[in-house]
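Participant: Let me begin by handing over the structure; questions about it come next.
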Amino acid sequence: METRKETNQLETGALNAMQLEAAASPASGPVLVVAGPGTGKTRVIVERIKHLVNNNIKPSEILCLTFSEKATLEMQERLEKEIDTTSMQIKTYHSFAYEILDQTVLESGIGISGGVVSRVSELVWAMNNIDSFGFKNIEIGNDPYRIIESMVDGISTFKNELVTPKELQKFLDNKFKDEKTIEDPEKLTTLNQLQDFQRMYAKVQQFLTENRLVDLDDMVMLVAELFKRKNEILTKYQKKFKYILVDEFQDTNFAQFELVRLLAPNGNITAVGDEDQSIYRFQGAYTSIFENFRETYKGKLKEVILEQNYRSPKNVIKLATQLLEKSPNRTKKILTTENEDGSKITVARCAHDMAEVEWVRKKIQELLGTDLKRRDGTTRPLIPKDITILTRTKRDGKKFALTLNAHGISASFVGDAQLFTTSVGRDLIAYLEIASNSANAGTAINRILKSHGISDVNIARINRMARNEARKCSYSDYLYDIITKGKFTNFDQAEEISEIGVMLSKLANLSHENSVGQTVHKIMMNLTDLYKKLTRDDSQESKKKRRILNELHHLANEFEIQNKRGKLSEFVQYLQLLGGFDIEIQEGFEIPDTVRVSTIHQSKGREFPIVFIADVAQRKFPGDYRAKKFYVPDELAKGFGVSAEKREFYLEEEKRLFYVAINRAQNHLFISYSKKYLEKSRLYSPSDFLAKDLNFENNPLIKIEDVDSEYSEPVTKNYDKNELLISEAQKLAIKNIDELQIKSAIKKLIDLGKIAHFEKNKNLDGFDHKDLLNVTPSVQIDSELKEEKIPLVDKESLRLSASQFKIYQNCPKMYKYSYVLKVPELSTTPQTLGDTIHKVFQNLSIKQMEGKTISKQIALELLEKYWDSAAYDKDSKENEDKRKAKLMINNFFKWTATNTNKVVGVEVSFKFKLGGTIIRGMIDRIEKDSQGNYYVVDYKTGICYESDNSVAENVQMNIYAMAIESMFKKLPLKTTLFYVREDKLVHYHILNRQLIDDYRSKLENIVDDIIAEKFEADPAKGFWTCKFCPFKNICDDAAVN
């Protein structure tokens, strides 16, 4: 083992003794840090990395693995404040594994050009192919969705244990050889069902392999297998990453640990976690991973236990400790704190669930505005974001959010973004159904009529007309024909219905000329106001609905990857199948000042001054145990006791989940349960966690409140009839304006005038709509609704790239749509071609840097491996792009033949600060000449619009020059744009640093404008800026229609 003399340059005052021992442990050798809740786990990881860097370990040799993109970003932000993380790898397991697969396509033979397939798509694919699996022992019954979901989750379990379909089949063959000796009929049934499961598992893997796809579990599994199969690849990455840190180690599954173990033969691993907070058993995590780690590195392991809690008061810590005191097989920790004792924990015994909701609501109302001493020593009034309500399941939380909002307390319900139950999702699907089969889209057309304000009376008349016509034919419900071709002279909404008919005609023709992804995009952005109306404000509701549309757009793109030239009707069927599963999407945004209602799983890693844990009743928490149908048999299990799902394991995990919930509290903790749920006839007792583990009725840490209530139903709405009419008319008027249905919009404005007249006079006497049209333009608004503006840009987390600067220079509003609101754009085949060529050149350049010989033959093999045929809907376009790709490869080799510089960097990540903002990006290629001068090369696969004169103003070239200076302490001699299709080089000769300093000032001004949220449109830039803007159809300021 490598030995080195180490120094401790850490700020000892910022760490307690055990934190310091963990962070400053010798760089070589395994370290296990068992970190109790609130003990500064992340601080220790940051200080550990600082210690490694301070002891002359290169940041590029350090790999930090996390479990979520959010955790990765948080870790990066923490480290960026302390050290230069430019060359350090901080990644999720999945992104790290995918990168390895992408960089070793030739050596591994594993094709992944089809991309990553989600669990959602695997579920739908399995439902579509259920008849091909040949089940003989698994009864589908009347709930195929439940069976398929359990089998897909079972496949994930097998992959997490690195058990392939072949290994499973070999195991089953051996078992069935001695079938006669199996006396237990239940055991035989299990084996027969496992055989059915194996057939499906094998079929899923065949589908993924044939389509060059991988799922999340495949990534880690394939890399672990690759490392075992190809020692030269393993050795390459062992040399690259000599020191590994794993965050949230308790969430690690066997496959992930095996990947880490293979990477670190010397055991230079620091694992940080807490088995008491292991709550992801359903994802393959298991508490005995700690024992696995200890056994693997027996004799050389250093273990440190962090026990000083900085988050919670003494009473909360004591209660949490009591909960797990009798739990088996855990590292005993004696958590201590210098915080105050705190108030007693309140447990509310509620007569029924509505009484519980009201008690929580009233308690929050009492708390808001009261002064609270914070952990930072300051005293400030409580505001909504200081409070969270945690429930075991998502469905239990919704009633709390609804009630709080109805009483004027802002609350956000995390996980409420449902694709198929939210109006905007249903609306888009209705449009898709019409576009795919207009002749039989009666239900969808009825929804569109209603959403466009057509009255129930008129809708009934239209349906009656359609039914009369439909009797004459058997292939159509005739509703589309009636609306698009009918005469409505006797209807009071004739113009509106005719306008809808024009839109439906456009819809019906849309899929004939466009791919599925293009059709979805054009419906969202062009033909309807679905997306446009959601970009006008940044309310919680608009953000949620944009997220739902983005997800449906993403599903369309994913569908195309798996179904080359798939039809729109097939995508509609895909969505219908998907609707049978309980699919939840992540919000992807934080709502600044609201009471946060979420599941306990979603609260992991967070802390709040005030925590409510609701519905802590038996059969609610813990929930009813349901055994996993498909798990890895003990004989095949490779981890430490991870296979069989037993009731006691389930209950222990539920208890740990309650432990996690308790430990979210920084100041005050409230727990509640209901004796009766109004939709249930039976009575509920308090959870065993309260009654048995905490003995809550006799616990001196707990204060009990008995809650009876006259309320049998919570108030969830407080609008009167006229308010609803006003709201509906306003929405429809905006929709009509967005879709240029001017007459319909005017009618809605007249409706609003009628409502206003009625509100004032209590009747419609004297109302004349002509008075509304007799107006003077430019009426001054005297007052605005006073509402706290929620910042769109977080100055602290803002990260900018060259492409972001370029788009802001083109048009600030375009920047807002793209990077702030994240409006989806159409993917294009030129973009796909560019990505493929960049990967080929990247791989070739790495080989050059490693001193290996490259050839056109190798380049063409790489091209085939990276090529994604699913991106093309026409063979002619694909053939044309392949011809272009081969031409670019020829031009690349022509250039390298005369290039005498040495390649010193490929796809090099960079970060540097511009003022207080981090600028980041990736440089395609860095070269160095014999005199030590640096050169930058950036590949371009499009048409050349730059010249040697204009390139001095190119934002990318200037930022790359600044990046080189930040990395190597000197400016490059030259940065170059290499237009490989045209075989043209455009050079930016950096003659003096004044050029760069002047450009830096320009960029600093742009940063200030972005932070100030100056996102006004700039159509004065010219017709062409708007013409090629991907957001022109939703932008009110566009200079083109």
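Any Cβ shown, glycine's included, is placed from N, Cα and C.
Features from TrEMBL:
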DOMAIN    14-313  domain 'UvrD-like helicase ATP-binding'
BINDING   A35, G36, P37, G38, T39, G40, K41, T42  ATP binding site
DOMAIN    314-605  domain 'UvrD-like helicase C-terminal'
Participant: Which one of the binding-site residues (T39, T42) has its C-beta surrounded by the most other C-beta atoms within 10 angstroms?
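Facilitator: Ranked by Cβ atoms within 10 Å, first place goes to T39.
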Participant: Write out, in the order they occur in the sequence, the residues of the chain not among A35, G36, P37, G38, T39, G40, K41, T42 that have a C-beta within 8 Å of the mean position of the C-beta atoms of the recorded ATP site.
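Facilitator: Other same-chain residues near the ATP site: V44, D274, L306, N309, Y310, R311.
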Participant: Which whole number is the mean pLDDT over the domain 'UvrD-like helicase ATP-binding' (14-313)?
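Facilitator: A mean pLDDT of 91 is what the model gives the domain 'UvrD-like helicase ATP-binding' (14-313).
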Participant: Restricting to the same chain and to sequence separations of six or more, state which residues have a Cβ under 8 Å from that of G40 (ATP binding site).
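Facilitator: Long-range Cβ contacts: L15, N16, Q19, L306, Q308, Y310.
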Participant: Just to confirm: which same-chain residues, 6+ apart in sequence, have a Cβ under 8 Å from the Cβ of P37 (ATP binding site)?
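Facilitator: D274, D276, Q277, N309, R311, S312, A320, L335, V660, N663 - these are the non-local Cβ neighbours of P37 (ATP binding site), listed in sequence order.
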Participant: Quick check: in three-state DSSP terms, what is G40 (ATP binding site)?
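Facilitator: SS state of G40 (ATP binding site) = coil.
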Participant: Secondary structure at A35 (ATP binding site) (DSSP, helix/strand/coil)?
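Facilitator: It is in a strand.
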Participant: Below 8 Å Cβ to Cβ and six or more residues apart, same chain only. Which residues does that give for K41 (ATP binding site)?
Facilitator: V33, A35, D247, V272, G273, D274, L306
